[in-house]
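Since the structure comes first, as structure tokens, the remarks are kept for the end.
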Amino acid sequence: MSDYQVLLYYKYTTIDDPETFAKEHLAACKEMELKGRILVASEGINGTVSGTVEATNKYIEYMANDARFADMVFKIDAADSHAFKKMHVRPRTEIVSLSLEEDVNPLEVTGTYLEPAEFREALLDEETVILDARNDYEFDIGHFRGAVRPDIQNFRELPAWIEDNREQLADKKIVTYCTGGIRCEKFSGWLKTAGFDDVSQLHGGIATYGKNEETQGELWDGQMYVFDERIAVPINQVNPTIVGKDYFDGTPCERYINCANPYCNKQILASTQNEEKYLRSCSHDCRVHPANLYTKNLSKEEFTERLQAIDETLPEMVQ
């Protein structure tokens with residue numbers, strides 16, 4: 001049995017003074033020796049925390065004693081250690097950054113909830129558009145079979161992508177999904193206000209679908225990206241597959257790294273061998289960038305040799 005747990009949760013509810021709440025909540029979390037990342041806004045709370053089983057259960061009880069969060073649902077994963085290095089609770093204007101000119105309140109307008117079994121039926125319906133509401137790098141390591149991959153790198157780009165592709169989506173039945181459900185609550189509401197009539201969402205997100213006894217993550221390919229040190233977690237308990245492809249050679253891969261050029265920091269899938277071969281950098285420009293964190297400890301001779309091994313050379317100004 002694992003000694004730690006990771007809690008994923010959110011709640012759209014009114015928080016009158018997010019800044020004061022954040023300070024008090026941070027103190028409470030630190031007292032329970034939790035680590036994680038929590039966003040607080042006047043519209044609610046969005047968090048992921050890790051800790052011992054005892055500490056996380058204590059946190060669940062602590063939140064249940066607050067009337068605003070009494071019915072909040074926690075998605076719970078077993079873990080061998082903390083999933084975060086520190087504990088942060090930050091006040092924000094939104095608990096998910098959609099950055100709309102006219103904000104959408106999910107308590108007033110949101111897509112129809114589909115439970116896991118209903119969502120699986122939608123996946124099998126050729127007339128339904130299954131729309132992934134996550135970022136492209138999340139999709140690339142795992143997604144529902146047949147889902148549409150929006151070409152976006154952050155959530156706030158999604159409405160513009162929808163507008164650019166409105167013709168293909170018009171008059172379609174749209175079902176959207178995300179990690180734990182929070183993004184879809186607001187995004188599906190925006191879709192309805194933007195003129196899409198038949199809009200549904202996976203209730204509880206991918207995390208709930210993967211743990212559901214009836215669906216067991218079926219029709220999910222790859223792993224689910226998570227925003228903590230685990231990077232990705234398994235979902236499909238029926239017939240798991242790998243869909244991620246190594247950035248450098250296209251072979252199956254589920255290992256994300258960040259480009260060593262801090263001014264790029266692009267997330268790419270790469271094996272340990274290719275990480276070393278390509279100096280943990282996504283391009284030649286990033287490999288030879290003066291700020292590269294991987295190459296800064298290499299001697300000029302070793303750096304030159306490593307570049308020559310992949311048919312590259314140092315720029316003249318560096319030579």
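Note that Cβ sites are derived from N, Cα and C of the backbone, with glycine treated the same way.
Automatic, uncurated: that is what TrEMBL annotation is.
Residues or ranges marked as domain 'Rhodanese' by TrEMBL: 124-218.
The average pLDDT the prediction assigns to the domain 'Rhodanese' (124-218) is 97. Per-class residue totals from DSSP over the domain 'Rhodanese' (124-218), listed helix then strand then coil: 39 helix, 18 strand, 38 coil.
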